[in-house]
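Below you'll find the structure, written out as structure tokens, and then a few comments.
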Amino acid sequence: MRLASTILLVHLAATFVQSSPAKREADYTLDDSFWNEENPVGRANTRSHPTEGGNPGEVERLLLEYRQNQELVRNIGAHYYQIIYPVQLRHHEKMGISTREVGAPKFPPREGGNAQSGYGNTSRSRSRVARDAIVSRETGKHFHRTSLLIKAFNHKFRLDLELNTQLLAPNLMQKHYLPSGAEQVSKQIEHCYYHGTVKDYPGATAAFHTCNGVSGVIHVGNETFVIHPFYGGDLSKHPHVIFEARTKANKGCGLQGNTDWRTNTYRRTKHVSGGRFARDVSEATKYIETALVIDKAMFEKRNGSTRSEVVHDAIQVANIADLYFRTLNTRVSVVYIETWQDRNHASIEKGDDIGKALLNFIDYSSRQLYRVDKDTTQLLTGDNFKGGEAGISVPDVVCTPKSVGISVDVNPYELHLLAGTMAHMIGHNIGMSHDGGREECVCRDWHGCIMAQTIVGQENVQPYKFSECSRTDYNSALRTGHGICLLNKPNELETKRTCGNGIVEDGEDCDCGQIHDCQDQECCDPYTCKLRKDAQCATGPCCKNCTLKLLGTVCREATNECDLPEHCTGDMGLCPPDIHKKNGIECDNGKAHCFNGLCPTLNAQCDKIWGFGAKAGDLECFTQFNSKGSFNGHCGTDSEKNFIKCDNENARCGSLQCQHGSSTPQIAIDQHQYSTTIISIKGQEYECKTTSPTEKGHVQFSGLVWDGTPCGTNLICVNQTCTSLYPHVGTGKCPSNDNNVECSGNGVCSNINKCYCELGYEGPDCSQIGEYNPPILDTTQAPSGGIGPTLEDYMKKKETPYENSHSTNTVFLVGSLMSVVGGVFIVFALSALCYRSVVVHKNFSLCLRSGVRVSECRTGKCRHNWDDSLSCSSCELLGLKSGRDPQRVLYNRHNHMGAAPPTGRFQEHKMQQMKRLGVGSGSEDDPGHS
């Protein structure tokens, strides 16, 4: 109640006075409707009562439910503040504040459907936002340019923002020291950092980051406004707090005028050849490649923030410092980030002398960071030092290993203070001295400039400009060669399109790389980075043979029941970003809840490790072993790599205890051990199987229960602690129908607070009945590059073998038929010859058996000794008639036949054969015989 009363009084004091903007040129014309409080999107809560305007209960709910919001309000102190609802303006239409170029909906609307974004208030704006979402080419990519409308403290700010492409080097490396002492290296980071100007406020500048809401600083004259989002809430209409910064800072810079850092031993030679710096170095763009180190106290000051959030704060500090250095034609580029979340890796302790801390950090940087290509290394710390200094650095040593500085974080919600301090320390590194005590030094701002000894200016106004003497010091150092490393251009993000670098940039349809890399590319012209004629796409799982796959084709299947499949939009070759069901949705038949796209259950984890039939061990295994803190059961390790005992309430979140399954783990655990223990309690035996690494320091990477695993009713395991499910349920809500039913009961809410509709439904809230078009499963395997055969090519390939085989088979069949016919003819011919040969042979035998002499065929009769007779014509037919040949052909019956005379049946058979041949059937008694 006391907190609520304070908020009410502050808001009563912070009344708003409206002023109607004048009509301006077409690109910047903003009529009253853009600032209208009754507009449902981006409505600014500028009335005296905190619950009027916007959603009256939303602010109070977020204050009560989120401790971070209470700390935010408490750190504002006595400053006036207001709750506002910023609006993003793109293409003259209002939309939500998220600057991410997100992909199309999970299950895209059917053709002819009405795609809605949920941000606009007209169908025209909805279609515009839908098109903006569909043209996304890269997951996590943010708009290159955008505008924000903010209405607060008698001001109407239109912020024109541009992505700071010089801030993060593409080869930016992050090294994170984990609590176990292990190192984790990453090169992935979301780029959401902007610089901007304020329309109609000459000289006003701004620096923002939009990874999670709108957070940043606006400098307008001698006023500095800080904007920070409330934790929780819906990004489509999200409450933010804005206040004027007047924080009292520390005593100032720890570098005193009489401090001797013996810089002459660190500097490179001052002698430079005459022509080296013939051109004016002030006109050349300089780049300060900066390494950032975040110590343990920075994390402690942001208790409850994730490592990613702390890293984003550090990069925002560099983003604001870069805004300040731009006036010197110099850019700050972050090339390396190191985090000390568990302990400091250099001797930096609270209450130490800041000079001693600097020497210790110089030693660490020289020994551990010498491999990093950098111009300066800056430590961001949350510790206050003995003298209360805001920071310290080594002067005039840029481009050497001694180019380091320390900056103290005064207030985690006013990052511009830390950025001003870091800019001051880098200024010393590159040769700048303090402004005080120098008659020639001119600062055009009455409250002071960045290199003032106090760092924070008069009346606690934050300086954001360098003085003329700082500019002179800087240019002199460059001319003497101290800053030669600043003239080389880092490998920053490309701001202009470069065809052939393999990256699809603005203005390009595709980019397959160098010419020699594109020889097999049929879709992309490597000379223009444009699609070839008739090509619809070049690469991606939704592109096949330069043709877009049909709307609804599955391009990424769900991996489990908490994951959601992605479908091709029919507009681009890339698959939409991978999303999943919202945390907290029930899974495994209500036994668990989805957590970060998985359904983590004990049985599933045991099955994965011990194979089929394995399941979670009995509760006795968890309570008996995990509470001991030994190899067989524990809750992780401490900084000394000793096993931690689990409290009784956290026993089910420690080592994974299993039973049954195989006798050995079914996963590769090269450096791990496993154990199987049988315990008996009150006559009941229990099997308890665990896995654990050989080296205790790596225990947290396996063998422990996964985060999100149920450990009780509405309780889940998080970091080996059994805690309430509800703080980990995804924030925000999906669209609902008139009955306040999320996704109208016809879909499921995703982790980006968009409905994934069931088949047959569509619309933002799945309330519209659409055509029942089941998803198209792509069963073909596309070749490398995402390009496969078209349907026409496939049919050609399918027809070609038929045509070839058809012509071949015709020739084969004709040849076979002719062969068969010829073969039959030959068989018949051979059969006839053989048959004739048999008859002739038998007739010849008869002639021989008759014992005739060829010369005795005189009267047409041939005599033989049997009862059959042959005519002379038959003898002639057999070629036995010799006329005048006196030779006698005698038949020797012993050569062919037995001694017994032929039977009557044999004679009858022979007679029938001779009758068929037309031979006479006479006997020895015929008159013709003699």
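Any Cβ shown, glycine's included, is placed from N, Cα and C.
The annotation Zn(2+) binding site is assigned in TrEMBL to H424, H428, H434. Positions annotated as compositional bias 'Polar residues' by TrEMBL: 114-124. What TrEMBL records for C555-C575, C757-C766 is disulfide bond. The domain 'Peptidase M12B' annotation in TrEMBL covers 286-490. Summarising the annotation, TrEMBL assigns domain 'Disintegrin' to 496-583. Here TrEMBL flags 739-767 as domain 'EGF-like'. Annotated region 'Disordered' per TrEMBL: 37-56, 103-129, in sequence order. The signal peptide feature in TrEMBL is assigned to 1-19. Taken from TrEMBL, the feature transmembrane segment applies to 811-835.
A Cβ within 8 Å of the Cβ centre of H424, H428, H434, the residues given for Zn(2+), is found for these other residues of the same chain: C253, L255, S393, P395, M425, G427, M432, S433, I450, M451, Q453, I455. Calculated from their C-alpha atoms, the gap between C757 (disulfide bond) and H424 (Zn(2+) binding site) amounts to 54 Å.
Local packing around the binding-site residues H424, H434 was summarised as the count of other Cβ atoms within 10 Å of each Cβ; on this measure the leading residue is H424. Looking only at other Cβ atoms within 10 Å, the busiest spot among the disulfide-bonded residues C575, C757 turns out to be C757. Across the structure, H424 (Zn(2+) binding site) and C555 (disulfide bond) place their CA atoms 51 angstrom apart. When the domain 'EGF-like' (739-767) is classified with DSSP, helix, strand and coil residues number 3 helix, 10 strand, 16 coil. Across the range of the domain 'Disintegrin' (496-583), the DSSP-based residue counts are 4 helix, 17 strand, 67 coil.
Counting Cβ atoms from all protein chains shown, C766 (disulfide bond) has 27 others lying within 10 Å of its own Cβ. Ranking the recorded positions H428, C555 by the number of CB atoms within 10 A of their own CB puts H428 at the top. Secondary structure at H434 (Zn(2+) binding site), taken from DSSP and collapsed to helix, strand or coil, is coil. Using a 10 angstroms CA-CA radius around C555 (disulfide bond), none of the recorded positions in H428, H434, C766 qualify. Rounded to a whole number, the distance between the Cα atoms of H434 (Zn(2+) binding site) and C575 (disulfide bond) is 55 Å.
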